[in-house]
Structures are given as structure tokens and as C-alpha cells.
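Residues or ranges marked as domain 'EamA' in TrEMBL: 8-146, 163-296. Per TrEMBL, transmembrane segment is recorded for 36-59, 79-99, 105-123, 130-149, 161-179, 191-211, 223-246, 253-271, 277-295. What TrEMBL lists as region 'Disordered' is 312-352. Marked as compositional bias 'Polar residues' by TrEMBL: 342-352.
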Amino acid sequence: MSSGRGRIGLLQIGVAGVLWGTGGLGVQLVREQVSMSVLTISAWRIVLAAVPILGLLLLRRGGPRLVAMVRHRPRRVVAVGLSTAGFQVLFFLAVTWVGVTVATVVSLGLAPVLLTVAEALGVRRVPPPSRLLVVAAALVGLVLVSLASSPDGEASGPRPVAGLVAAAASGALYALATAWGGTLAREAPPLVLTAATTSVGVLALVPLALLSGGPWVTADPQALGVLVYLGVFTMGLAYASFYAGLRTTSGAAAALVTLVEPLSAAVLAALVLHERLAPAGIAGALLILAAVAGLSRDDPAAVAAVAGPSAGLPAVPEVVDPQEWWDQHPEPDPEPRDHAKPTQTGQRPPTL
């Protein structure tokens, strides 16, 4: 993979992070207009992402590719979809229970650490010092931005223990969704993968939202507009861009780049809500940006999709029948035998 493609991948993931950063404000605006639960808003968000994505995919005659991927990678598709849906719900719950600062630092900070460790174990070598420095700088920047963005310096909520557990679980699910999503992203186009995973999320969240109690709908035009924005942009477009970037970017690098999410949220709050970002927040923002810039100049292995836990099979060629391609690349056995053939990267393909 060329360094140019790697930087494009980082940029695509950065775009996803910026879009995700606007989601918190969107949820806040909806709840100011209607007393919807976080679970109901999350369900609407994923429904309003899945419907246009599926429609666009069908218009582009991508239905056969979607069916082929779901038939031949059902466990991974379901796992990524459920992890993605669970991550956002648990994160919003953590914010409610333990506060914005702790939820953001624990959830978003845990994912790059877990993925960096997993990738180091996969290749059986310690990351280079430059990579560890990038991770440390990004995490310090995350803490500073989160503390500076927190009203009155709050760092606790009504249920701190449950909030910490929810935040940690959210970060773990985000790491899993990124690792497994990276495998699928190198096997299928971003639009196909986004359609599959959001559809799984719809099937998981809508029944839970219906059981959680209303209101489930609103006629308020502002709330409706924000809900559409949350679905189309912060879910559909963001994840399509994220999966596109994962085709050429490792999971750990992707998780680091998406730390621009709280940064974009802080900037948006300053522009829309006229909240002033403290000097510590500005310093944290500069650290995150420096870490992302350093990542793009790091060793190619830190940016490219490394072999190991997050490596996948070659991308599905556009010129062949998708069903035929998937038949030739079956789901690997949960426990590969010693005589299993290696992939083009020199490693056996991972299993879920």
C-alpha cells in the first residue's frame, strides 16, 4: 500500500470522527424539543441511516454483493452490526450515569489502547517508540479536551460505578467493531458493509426502543430535521467514510484518528452554543492534531492494515460475480489447521 493511499484512509476516518463529534449536540437538540429516550433516538438514528443507504445500494445494483457478503460472512456482519449499535447506546448511557468527561475519556481512550495491544500481539513485537509516543499524546489531548469541555469541571454522575462499566464496555465494543469491521472493509465496498451493519443495528435497536416506552415519534419539524441529520450524516455517511478508510488503515490507527470526535464536538459547541474552550482544551486539541499528523508520518506499518488480527482477504474484485468470489473465499475455520494456506499477507485469515 502506498503512503498516499494510507493518508487518504486517515483522512476518510478523520471525516467520520468529525461527523460523529456533531452527534452529541444533535441528541441534545432533539431532547430539548421532545422527551425521547436515548435508546429511541439511537434507534431512529440507525433506521434513518439504513434506509437511504439500502436505497442507494439497490439503485447501484449492489444487492447481490450485499446478499453474498451476508451469506458468507454472517457472524462477522452480525458482530460488527451489534457492536456498533451497542457502542453508541452504552456511550450515551455512560454520559448520563457518570458524566461527559469520564465517559469520553474511558470509552474513546480505551479503544486505541486495546487495538494497539492486540495488533502488537498479532505481529508479536512491541510497537516502535514513535508509535507509543503518538498514542500517549493523543490520550493526553483527549483528557484535556474532555475536561475543558465539561461544565463546571463535572467528572461524576448519579451512577458512577454503572457509568464506568458502561463506558468501558462501550470502548471495548468500539474496539471490536473497528477490528472486525476492518476485516470486512477489505473484502467488500464501504456502501455494502454500511448497509449490512446498519441493517443489523436496526433489527437490534428498534425492538428495544419499542419496549422502552414512548414517545417514539414527533411532529416537531426541528426535531425531525435533526433526527434525519443524525441518521444520514453522523451514521450513514460517517460509517461509509470510516469503512472506506479502514481498507487501508489499521484498527489502532483508526481509533487514534477518531479522537478528533471530542475535538470537533468542542469546536461545534463553541460555534453554536458559544461555549468558550479553556486554554487546557486548546492545548489538548493541538496534541490530538499533532498525534494525527505524527501518525501519518509514522512507520507505514502503523498506518497500513497490518497482518494479524485485523487482516482480511483481498477486496472483492468489481469485475467478477460476487457470489462466485465468496464461494472461492469461504469463512475460515474457527481453529485453522497447521496446513491451512496463508493469505497474501503471509498470515492466516482471522476468525471471529
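Placed from the backbone N, Cα and C atoms, the Cβ positions cover glycine too.
Whatever TrEMBL says is automated annotation, not expert-curated.
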For the transmembrane segment (277-295), which stretch among 79-99, 130-149, 191-211, 223-246, 253-271 has the most Cβ pairs under 8 A? 130-149
Top stretch among 79-99, 105-123, 161-179, 253-271 for CB pairs under 8 A with the transmembrane segment (191-211)? 79-99
So which residues does the transmembrane segment (79-99) touch in its own chain, when a touch means Cβ under 8 Å and the partner is 6 or more beyond its ends? 24, 27, 38-39, 42, 45-46, 106-107, 150, 154-160, 162-164, 166-167, 169-170, 173-174, 176-177, 180-181, 184, 193, 196-201, 204-205, 239, 352
Distal contacts, the transmembrane segment (223-246) - CB-CB under 8 A, six or more residues away: 8-13, 15-16, 19-20, 22-23, 26-27, 29-30, 33-34, 36, 41, 44-53, 84, 178, 181-182, 184-186, 190-191, 193-194, 197-198, 254, 257-258, 305
Under 8 Å Cβ-Cβ from the transmembrane segment (161-179), and at least six residues away from its ends along the same chain, one finds 79-80, 83-84, 86-87, 90-91, 93-94, 96-99, 102-103, 106-111, 114-115, 118, 246, 251, 254-255, 309-310
